[in-house]
Amino acid sequence: MSDKILCCCVDISNSVQSSSENPYINSTTNQVPVTPRRLTTLSKFTSYGCGHQNSSSSSNNTTSTKTTVTSVSADSYNEHTASFNSSITKSNSTSSNNTINPQVASQGKIKKFFTKSKKNDPQLTKAAQLLEQNQFHESIIYFTRVLDKSNSYSARCDRAYAYRQLEKWVPALQDLNIAIQRFPQKSRAYALRGELYHFIKKYDLAMIDLSKSLKLQQTAFAFRTRADVNCSLLKYPEAIYDLNSALDLEPYNPYTLTCRSKVYCKLNKFAEALLDLDNVLIYDPQNASTTLANRGEVYRLIGRIDMAFADLNSALEREENNMLALERRGLLFKHICRYVEALRDFDEILKLNPKSVCGHENRGEIYQSLGNLNEALYNFDEALKLDKGNLSILKHRSEIHRLLGNYQAAINDLDHALSLSPNDPFLLRGRGEVYRLVQCFEKSLDDFNKSLKLEPCNAFALTSRGEVFRMLRQGQNAIVDLDQAISISPDNLLARESRGALNRTFRRYEEALRDLDYALQLKPNSIFALANRGAVYYMLGRYCESQMDLDKALQLCHNYSFALENRGALFNTLGNYEQALLDLNKLLSLEPENTWALCYRGEAFYALERHDEALIDINKVLDIQPTWCYPLSLRGAIYRSLGYYVKALEDLSRSLINAKDKAYNIKYENKALLNRGSTYRIIGKFNEALHDLNKALMRNPKNIFGLCERSCVYYSMELYDHALVDLDAVLNIDPNNAFAQSQRTKLEYIRNGNESDTSSRTSSGQYYNYYSLRRVDEI
């Protein structure tokens, strides 16, 4: 039984004196001497933290603390009492002389909470013996036989205790209710019921029963149990008060001292914690290995890694199969990234106990840190078979599933975890991130909103929500979140990448470059940052730098869609149409409905005079987006080249009407104006042609196509001086332009009166036959 510790009232001065005369306790030649430490000050310990911070993989925040001293929840405090001090387990099967130093035990009166019936009943005696041997099922049978014949208070309390050990809460509670109803002035049933309420997390009822028990009779058991409840309620000063009271009744009880050292750690009072464990080493030398393991953990918490290793190694030299010491040392190795040694310790734990949740969980975390995701997943699966509701392991496994692309499995784990802990911000962030990756943006947004209500300044949640807003084209919301995330964490890679991409879409190219440059300093091979910076360089006309970034991004990921799309557009601009087709064909094999890629490929086909193929691509886009100005402008140009002038004018006019963002679409609008001006010229509408061409050339005075077309219009209108001005402008830009040279020569003849009006009209027709089939960008 967990509380059957035999403790003695002793004078501490005598104990300290005997300790000083013989400072080495159970020391051997190969062992570190176990010496009671004495600290002169407390201040040097208070600067250290009391626990781990959780860490992340994308994602930032999954590592859990699994040592008993540093366990976060008060439930694990109670559940792991046996691992925190194995002397409790040993006390169930040993006498008081085996638990406490015999010389100390002989000095005081032995007190025991569990009392035997005064009746000489062989059934009751047998039941008690079975209970001592932890044979709870068998003991219940004998206690039941006793209770069939009598209303023994002690037998009913003992049977309730046996039920509690088997986690049969309902019959345990029934027995204790009956005991209290029949004997309301006896304290033991209240204490046991308070302990049971604590196990089932009914803390208010537990406090009522334990306080009632202590009012009737003060016992160390009741004080310790109430201390456990106070720990569950995070009331650590009150827990210390109760443990002090327990020690007043049972001075130097090793279990109580160990529990108090644990609570001191919660309060960052590490010097006091170490002092308690030193005393445990004095008064319970037979369990020195476990106490050394606990003291090693305290040393780890205050950053004394050397002292921690000394204690843990000493513990394992004394007892090589001490599970607690193996666990603590494995955690310490993991903490300092010595993963091979850590794995060795956890492997040893699993040899001793193949069903160790701690062993599987920690091995999973180590393999995750090493990038061996399949091994990590196997270990987390095994751990969850043993402990299906373990939140920490569910968090880890969901992250592994996410990293492996098993998104539905990740969501299943997170749904399960959130059913157990609905307001856990980490779990909400994790599920929101998975929903973001599978593009369920509304669900993702809902989870991130809930998470940020709980933790408003969490940089990860702000970044991911900002990215969701960006994907939903809610630019202003996105920029607010990303700005805040970067102000909290300037080296946040995802936030820098996302804000850089967002500023690119806002056409704030300098701001975009600043963020993307910063992101590439943090991660030089970031495919996302390289592709987006390449796109920004393309928009700025810095084509060489653009191609370098896009080439590198595609070397790192051959099928990265955004990079293929932008490099295809870049090759079109550079006139490398065959190379553009290679990129765009590959992209469209991956994303057949990518409208930008279809437009770019249609443009490449048009440039290569593969008009039928170009029309197939452009028509497919316009079936999806019938008012988009870019493909309308492109199809109008194709129709002009094919001589379908009515269709050309219809598409080009619709393109100019539907150009909503004129600042961004000015490039496509200009092409539409040039092509419509050319079409008007061909069908003899010279004033309309001149209007379109003048507008386009006002925006880009050096456009050779526009200058040649306008010179042709002037030629047809017999405005020869104006035509010569435009042709001279073409030759200033391109001195070897054959068309401009030829037309200039004809115009000189006409000005000199060498050709008749009829020949002029013929020349105009020749001008049309030569030029009207050419592309806007060709000359």
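Just so you know, glycine gets a Cβ as well, placed from its N, Cα and C.
Straight from TrEMBL, the features:
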- 289-322: repeat 'TPR' (REPEAT)
- 323-356: repeat 'TPR' (REPEAT)
- 357-390: repeat 'TPR' (REPEAT)
- 391-424: repeat 'TPR' (REPEAT)
- 425-458: repeat 'TPR' (REPEAT)
- 459-492: repeat 'TPR' (REPEAT)
- 493-526: repeat 'TPR' (REPEAT)
- 561-594: repeat 'TPR' (REPEAT)
- 670-703: repeat 'TPR' (REPEAT)
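Per DSSP, the repeat 'TPR' (670-703) is made up of 27 helix, 0 strand, 7 coil. In the predicted model, residues of the repeat 'TPR' (561-594) average a pLDDT of 96. Break the repeat 'TPR' (391-424) down by DSSP state and the numbers are 27 helix, 0 strand, 7 coil.
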